[in-house]
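A.B. asks: Annotated domain 'HTH lacI-type' per TrEMBL: B:2-56, in sequence order. For B:5-32, the entry in TrEMBL reads domain 'HTH cro/C1-type'. For B:315-336, the entry in TrEMBL reads region 'Disordered'.
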There are 2 protein chains.
Amino acid sequence: MVKITDVARRAGVSPSTVSYVLSGKRSISAATQRRVEASIRELGYRPHAGARALASSRSNVLALVMPLRSGIHVPVQMQFAGAVATTARRHDHDVLLLTQEEGEDGLRRVADSALVDALIVMDVQLRDARVPLLRTLPLPSVLIGFPAEADGLTCIDLDFTATGESCVGHLAQLGHRCVALLGSPPEVYARGTGFAQRTAAGFTAAARRGGMTSTVLPCEPTRAAARETVERLLHDHPDLTGVVVHNEPALPLLMEAFQQAGMRIPQDLSVVAVCPDELAENTAVPVTSVAIPAAEVGERAVGLLMDKLNGRSVPDATLLPPRLTPRASTAPRGSG
Amino acid sequence: MVKITDVARRAGVSPSTVSYVLSGKRSISAATQRRVEASIRELGYRPHAGARALASSRSNVLALVMPLRSGIHVPVQMQFAGAVATTARRHDHDVLLLTQEEGEDGLRRVADSALVDALIVMDVQLRDARVPLLRTLPLPSVLIGFPAEADGLTCIDLDFTATGESCVGHLAQLGHRCVALLGSPPEVYARGTGFAQRTAAGFTAAARRGGMTSTVLPCEPTRAAARETVERLLHDHPDLTGVVVHNEPALPLLMEAFQQAGMRIPQDLSVVAVCPDELAENTAVPVTSVAIPAAEVGERAVGLLMDKLNGRSVPDATLLPPRLTPRASTAPRGSG
DNA sequence: CCTTCGAGTCGAAACGCTTCGACGGGCGGT
DNA sequence: ACCGCCCGTCGAAGCGTTTCGACTCGAAGG
């Protein structure tokens, strides 16, 4: 293994000088800098991560806590993780993957052992057991999603309230008066998952403001559940003309169920979804949708964390505005 | 921060004794052991990961290299990653997430800097640029998938050749004589992805052995591509009665396209898929399928790595046998 | 009864890096 | 011409573990 002393000897300087070239924490003459860099390159030197962490009490690793719970859409999570990983690298950090298998102890473990410098916590619940723990840990963290009590924590997410509102707004503009939200499986609501509840809240509030009739129904992502949900919905609300679907895997199933129930899309029923564009573009009828900007959330989350690590102050809450893309699944009421 | 000297003092022993209690590398009297463990517990001691890595030249972290390429099914990857993470923890290791963004340099970086002890490399191509590099690295590694030249490397995967054969076998048993394989998008074949090619090889060989007519066609996971592929297939092979689909996102699209082309499943056409059970059970007609045992692959991969790290010898190749689950999408030929 | 051995413990030397204080030499200000 | 400063560099002291010999017992073996 080539170490800093080897680099130093070859460049004719002391190890500390090499270190300063690497970190830029003291000024170094251009000539020395060049020699040291050449030496590093020629020897293929890489600082030993452990030694560095020990001496500097900075590991340059951040933990990504992915619960991998049921009922959440995996591709979105993955897109997010990918963005976190590549953005972290851009800031010279690596990413340690933590699943919820370990629970809160896992967080404490990596924090106490100084394995990581900071935490990114995904899939935050409204009453999340990890949140009080995060408050006590000496490490900076960023949450994806908002717990009920978010004060003092740095959180970021798509603005799901505005998302719900924006979907309703779109339908309202097209003249729809009776709308429904078909959401995540019941377990997701039961867990108190913020994004599900916020979408529902925004949806309901906007519908009420617009004087529209509205319902919210959870839905399992199975063919049978989709059919049953649709039947119940149409039975209870015969004048329904618009739905918002916030449940990726169920979206195609629900659309099919509506069509089999005799509702043509968009002639009889307008559909808006909260889902990735890729999915929205590949359903039987391309779906008007609001995408979750997973990549942007991931990037910004890392950015926030870096700011905190570097002592810069950051906003407590970052809400990304929804962007609705109209497609073929929505049309003015009565256009059939 | 509480350190090993604190623990030692409180237990009335030397730091080295604490270390030996922790590692079990020397025998310690039961009494001492108890006192040390109590001390650890009471102080909430966690060894500093960096210091440990420096002194022992073992970081207890392994790298998971996930390319995040296009055309591969994300949920399966994720299931795999989850299994790796939890299994690694069971062996007292953590997992560092590496995307392909960094390319081969990323591998070299984490290896040279001693950030990780070992590598798990996913989505291996037949001619993979990372493979020669892995040979030169001093770190043990396990590949998920098989490159063209696998000698000297430890690889594990579902036996895709047998999978292709098994699907054909199932169709043959039902009396089908003209079959097709609808596979991954062309880009996946173009990259020389082992699993795609092996399934095709097994499929074709088994069909030939059985005296069946067979075709292999790639397919993009879009509605339009699915329709076009199906039309072409039915035009070129009017006597087609069985298909194997090895392309998760395209599966529902293809089934729909077949039905719209007038082929009822399973009366006119039997369909076998290579996909997760969850997907197979939620298509319009539940699909006979071979699932990719992602969790098992992940677990075994970590197991192999641990064996290598501990100097145990391991088999070069591990091929998991396919398990075909019959469902409603396959029936004897001419049963309609 | 003396030697030998192993079990149990300790002290000290790494491990490879960062960082702090110090130092020499050139420069500008007076 | 002198003082004080800042720039660039160095040496040495850590950072918290692990691990290697060495040491002390008490027990087993001759």
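All positions are counted from 1 along the displayed chain.
Backbone N, Cα and C define each Cβ position, glycine as well.
All TrEMBL annotations are machine predictions without curation.
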A.B. asks: Same chain, outside the region 'Disordered' (B:315-336) by at least 6, Cβ under 8 Å from its Cβ: which residues?
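C.D. replies: Residues 146, 150-159, 162-163, 166-167, 170-171, 174-177, 241-242, 255, 264-268, 270-273, 277, 280-281, 283, 285-291, 293, 296-297, 300, 304 contact the region 'Disordered' (B:315-336) from elsewhere in the chain.
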A.B. asks: How many of the residues that make up the domain 'HTH lacI-type' (B:2-56) does DSSP mark as helix, as strand and as coil?
C.D. replies: 39 helix, 0 strand, 16 coil
A.B. asks: I'd like to know the mean pLDDT over the domain 'HTH cro/C1-type' (B:5-32).
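C.D. replies: When the pLDDT values over the domain 'HTH cro/C1-type' (B:5-32) are averaged, the result is 97.
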